[in-house]
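K.L.:
Encoded as structure tokens, here's the structure I'll be asking about.
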Amino acid sequence: METVLNMLQDPNVQWVLLGTILLGIASGVIGSFALLRKQSLLGDAMAHAALPGICIAFLLYGAKSMSWFLIGASISGLIGTYCIQAIIKHSRIKEDTAIGLVLSVFFGFGIVLLTYIQQNGSGNQAGLDSFIFGQAAAIVGLDVQIISVIAFVLIFITFILFKELKLITFDPQFAQGIGLPVKWLNGLLMTMIVGAVVIGLQAVGVILMAAMLITPAITARYWTERLDYMVVLAGIVGGVSGVVGTLLSTLSRGMPTGPLIILAATLLFLFSLLFGTKKGILPKMVKQWKVKRLITRENVLSSLYELSETTLKESEGKEMGSYSFQQVVELRPVSSLMLLAVIKELKKEGLLAEEQANKQLMLTEKGLELAHEIVLKNRLLDMYLMFESKFPVSNWREGSMDLLNGPKEIIDELRALLKDFGREPNGLFLYKKKRKLGNKGFHSAVEGSEG
Amino acid sequence: MSYEGWIILTGSLVGITCGLTGCFLILRRMAMLADAISHTVLLGIVGAYLVSNSLDGIYMFAGALVVGLLTAFFIQLLHSSGVQSDAAIGVVFTSLFALGVILVSLYAGRIHLDVDHALMGEIAFVPWDTLTIAGIDVGPRAVWMLGAVLIINLAIILLFYKELKICSFDPEMALAIGIPVMFMHYLLMGMLSITTVASFDSVGAILVVAMLIAPGASAYLLTDKLSIMLLLSAGIGVASAVLGYYAASLFNVSISGMMASMAGILFILTFFLSPKHGLVMKWFFRRSLSKESNGLQ
């Protein structure tokens, strides 16, 4: 811990840290758009394609210079992107092949130039190959200033044009329709991706730069479904990975920074994959389990209600009867583990009573009321589905299908249908008649139970 | 055989092996999986080294095969859990590759493996690393390795030609007539892994992608028949290797890099000049068509 604190006081380390944080934020923000536009691997191609640009910049300028490298890298990255699009447009070659082709051929050419420089170059060319894996420790003050300026510009443009970028990401046709310069905006976004790639080359390197665009964005995707939150979150994830990776790499000598930053981001990704609130595996499982439990609960109640209904009818409302687990499961199969848990829960809520002696289950009065509601709802739904074409399309059909909250006239019609088919649930009515709770008509008793 | 001869032979073997495998990847739109697996093979080799403590061919193959199949499996897993396929590829291969690089750096003292070498390969050293059987020098180890992989790949392609073909062009139909599509997928991924690891020594992990994709892509623009495409792709692979070698010795630069560049140049030539799908032919066709229609008016 102390070494970390000591390190943090080193101005050089501070520069490096600032650089990787800004880089992480910018690439996370831009990467979100690339990801949603399904262009994540384009970033990979751009990063690889930047290598020959760096070498040519060195050959032309004759010395190492961050700004010339950036210009060279951007130009060859953009040429690579253009090549990919031209190949897709003018031949039958598909996107993935075009990306792989450009990526590998440009990288190969970059290696050729690199060896050419190493053999024939004059002056100090050492460290040029640090662009392949990145060496954050090599970043100095001036580099950080350049990185910061570009990162700020990228974030600023995203902020200003957020609405437009959002539109061309999700609905390019509509954007075209309302007269946005879609082609121009696409080009701008492409240039922004190149920008993010280029400033990352020194810290993360050519090969792994793609991960800086993809991993933070996909991590953020597990926590939110809104683009604005996603962009912010991806920026944070990128920044945090940058810090962690850089600190680890400065702690240990000879460790390349790029892979460590990527590994930090990957750990965050794995955490989100498991626990992410929107799409994470565990929350999804919990949700599924909850739904399953709810269905089991409704199934058990409905089965008991139907059994009681028969008994009440046969005994003319004198007794409800009690039933074994077997009978309940026979009517609607449920898994035994879930059944036990649900029965325990129902007993706790006072909806169910169990005769300890012979393990028979029976509904309580409260349970009967609730079960009545569930059965009524399901039977109304059956009727609705049988005569779906009779009813006008309406909003309440979407989503919950809660028929009891639907429009009154439809429910009345469905009730009439239920009566015609003799499927009206009347267990509760018979029970109440026995208890002399309602001496009104049959229908009013059923009406009264709504609520 | 001369020093030069061995290098050209090695390069040609890489060209044929990669060219054949690459065709299926292109047709199945899985070219980026080649990129992914060629990166993660590094982890397989490092892992195999750490486990077995030797850089023997067979361990490297086993490690690469395992990690290659794992890569394909992870990508499939993420994809089926709702991650779009390009992002799934990107996340999986970068993280496994990063892990490989970190392991190499951690055990840099112990491991006889240099990341630059692993990525860019050094075909120039291939002829010196020879294999001796019963005291007789039988030639470079890489040639034997590539030869073995080529035979395995050829055997797989000949045995499962029909299945691979149907899976490439119409996966739904393949599924409907009872071809084990998933098995074919992993078979192809296995082929890809061993091809990558065999070529790894000579052209390096990243440049193998060029040899996998570029010849196949050029062949795809030249023909509509799979059998001819395979032959053409292998031929273009050999041509890139031979041309690459001479160009590299002319300029005294990286041989593997030059081979990749040559594969790219050959692709550019086909892209413009292919008799069927080339840009120039298309342009001529369009012009003659418009002349004809002008004549009609």
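Just so it is clear, glycine is given a Cβ too, placed from its N, Cα and C backbone atoms.
OK, TrEMBL features for this one:
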- A:15-36: transmembrane segment (TRANSMEM)
- A:41-61: transmembrane segment (TRANSMEM)
- A:67-87: transmembrane segment (TRANSMEM)
- A:99-117: transmembrane segment (TRANSMEM)
- A:137-162: transmembrane segment (TRANSMEM)
- A:183-201: transmembrane segment (TRANSMEM)
- A:231-251: transmembrane segment (TRANSMEM)
- A:257-277: transmembrane segment (TRANSMEM)
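Describe the structural context of these features.
P.N.:
Within the chain, the transmembrane segment (A:15-36) has long-range Cβ neighbours (under 8 A, six or more residues past its boundaries) at 8, 42-43, 136-137, 139-141, 143-144, 147-148, 150-152, 154-155, 158, 165, 169-170, 189, 192-193, 195-197, 199-200, 203-204, 209, 212-214, 216-218, 220-221, 227, 230-231, 233-243, 245-247, 250, 257, 261.
With a cut-off of 8 Å between Cβ atoms, the residues of this chain six or more beyond the transmembrane segment (A:99-117) that come close are 41-42, 44-45, 48-49, 51-52, 54-56, 58-59, 76, 80, 83-84, 87, 93, 125, 128-129, 206.
Within its own chain, the transmembrane segment (A:231-251) is flanked in space by residues 3-4, 7, 13, 16-17, 20-29, 31-33, 136-137, 155, 158, 162, 203, 212, 215-217, 219-220, 223-224, 257-258, 260-265, 268, which lie at least six positions past its ends and keep a Cβ under 8 Å from the stretch.
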K.L.:
Which range wins on Cβ pairs under 8 Å with the transmembrane segment (A:183-201): A:41-61, A:67-87, A:137-162, A:257-277?
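P.N.:
Ranked by Cβ pairs under 8 Å, first place goes to A:67-87.
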